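Single-structure report; data block below.
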Amino acid sequence: MAYRVLGRAGPPQPRRARRLLFAFTLSLSCTYLCYSFLCCCDDLGRSRLLGAPRCLRGPSAGGQKLLQKSRPCDPSGPTPSEPSAPSAPAAAVPAPRLSGSNHSGSPKLGTKRLPQALIVGVKKGGTRAVLEFIRVHPDVRALGTEPHFFDRNYGRGLDWYRSLMPRTLESQITLEKTPSYFVTQEAPRRIFNMSRDTKLIVVVRNPVTRAISDYTQTLSKKPDIPTFEGLSFRNRTLGLVDVSWNAIRIGMYVLHLESWLQYFPLAQIHFVSGERLITDPAGEMGRVQDFLGIKRFITDKHFYFNKTKGFPCLKKTESSLLPRCLGKSKGRTHVQIDPEVIDQLREFYRPYNIKFYETVGQDFRWE
């Protein structure tokens, strides 16, 4: 009898073991789900606190789904099984206030636009000074380098040209400087085709002094070139000036101006005196600002005269703790030229100068 009781009690033992194993497995699963849920909530709380979407990197798929429902996830890249989606628009950020310098402000602030104003000439006339001075104005954004679009790079197209420009706000003017435009035959037509409303700035200087400065710059790069006198004349005894030499031809301003007046009225061309830019920079820049239709922000308080260089420099500003002068090449000592050569060139330029004065309605007093 005892044998039977013991024999019947034996079979239920495997069922108890299975029940215990099932209960243990269920307990582990519940623990794992609770752990995953707590991790998800912790990451979600941090994401909300930091104000940016977070992606759960753990193994819990449930946690990932909960995060995706709560906030958009922005991982570094889509997984192979997911198509890429357009990113959500960023929250609006208050625009920082632009200071007077063109070098300040967010690089992505504003829009890249084609220039509304160009400094088109002339070489060695003072164009770099005008560019650096006008860049102080908060309503002007200028390209620092010379793009040479309308003379050398026109084939690249206007989209390429626009891509070079600094970003500007609606209230700002985009400007660039390339002095060789003034003597480029195709430049007026090309600029007109871009915009017939483009404002043009031409910095002019005594053509004899300009030619000597041009030669001095070339000599510093090519010390083996002929003398200034040798390049200026075909026959000095007869006084035959070589107008094929670029340094001489650039100074025949009225001839180049005729090409521009075929496309632009004189009211759209402003002439800056290179001489007055040295003696009265605030006055000349005041007229430039009037021409561009912006307030007179640049005044006497922005300049001081550098006796070593012999021309005005910018005082320190809010964006620059140090005064700004033009580069070392500016203000270099000119080569000594025979006074008789200078007199001959003055006589050569005289009729061109007079015609230029009459055309633009200004007497630059170069005689």
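Along the chain as shown, the residues are counted starting at 1.
Note that Cβ sites are derived from N, Cα and C of the backbone, with glycine treated the same way.
Swiss-Prot lists 1-19 with the feature topological domain 'Cytoplasmic', giving sequence analysis as the kind of evidence.
The transmembrane segment annotation in Swiss-Prot covers 20-39.
Per Swiss-Prot, topological domain 'Lumenal' is recorded for 40-367. Taken together, the residues in the topological domain 'Lumenal' (40-367) have a mean pLDDT of 83 on the 0 to 100 scale.
For 61-110, the entry in Swiss-Prot reads region 'Disordered'.
What Swiss-Prot lists as compositional bias 'Low complexity' is 84-96.
Per Swiss-Prot, N-linked glycosylation site is recorded for Asn102 (among others).
Under the three-state DSSP scheme, Lys124 (3'-phosphoadenylyl sulfate binding site) falls in the coil class. Lys124 (3'-phosphoadenylyl sulfate binding site) counts 23 other C-beta atoms within 10 Å of its own C-beta, drawing on all protein chains shown. Annotated 3'-phosphoadenylyl sulfate binding site per Swiss-Prot: Lys124, Gly125, Gly126, Thr127, Arg128, Arg205, Ser213, Lys330, Gly331, Arg332, Thr333, His334, in sequence order.
Classification of Ser180 (substrate binding site) by DSSP places it within a helix. If you look up Swiss-Prot, you'll see Glu146, Pro147, His148, Phe149, Phe150, Asp151, Arg152, Lys177, Thr178, Pro179, Ser180, Trp245, Asn246 marked as substrate binding site.
For Asn193 (among others), the entry in Swiss-Prot reads N-linked glycosylation site, with the evidence type sequence analysis. In the three-state DSSP classification, Asn193 (N-linked glycosylation site) falls within a helix.
The N-linked glycosylation site annotation in Swiss-Prot covers Asn235 (among others). Sequence-distant contacts (6 or more apart, same chain, Cβ under 8 Å) of Asn235 (N-linked glycosylation site) do not exist in this structure.
For Asn306 (among others), the entry in Swiss-Prot reads N-linked glycosylation site. DSSP assigns Asn306 (N-linked glycosylation site) to a strand.
Here the Cβ of Cys325 (disulfide bond) has 18 other Cβ atoms within 10 Å, regardless of which shown protein chain they belong to. The feature disulfide bond is assigned by Swiss-Prot to Cys313-Cys325.
Phe150 (substrate binding site) is 11 Å away from Asn193 (N-linked glycosylation site) when you measure Cα to Cα. A Cα-Cα distance of 19 Å separates Cys325 (disulfide bond) from Glu146 (substrate binding site). Here the Cβ of Ser180 (substrate binding site) has 18 other Cβ atoms within 10 Å, regardless of which shown protein chain they belong to. In this structure, the C-alpha atom of Cys313 (disulfide bond) lies 19 angstrom from that of Ser213 (3'-phosphoadenylyl sulfate binding site).
For the binding-site residues Thr178, Asn246, Thr333, the greatest number of Cβ atoms within 10 Å around a candidate Cβ is found at Thr178.
Between the alpha carbons (Cα) of His148 (substrate binding site) and Arg128 (3'-phosphoadenylyl sulfate binding site) lies a span of roughly 15 Å. Under DSSP, Cys325 (disulfide bond) is assigned to coil, being neither helix nor strand in the three-state scheme.
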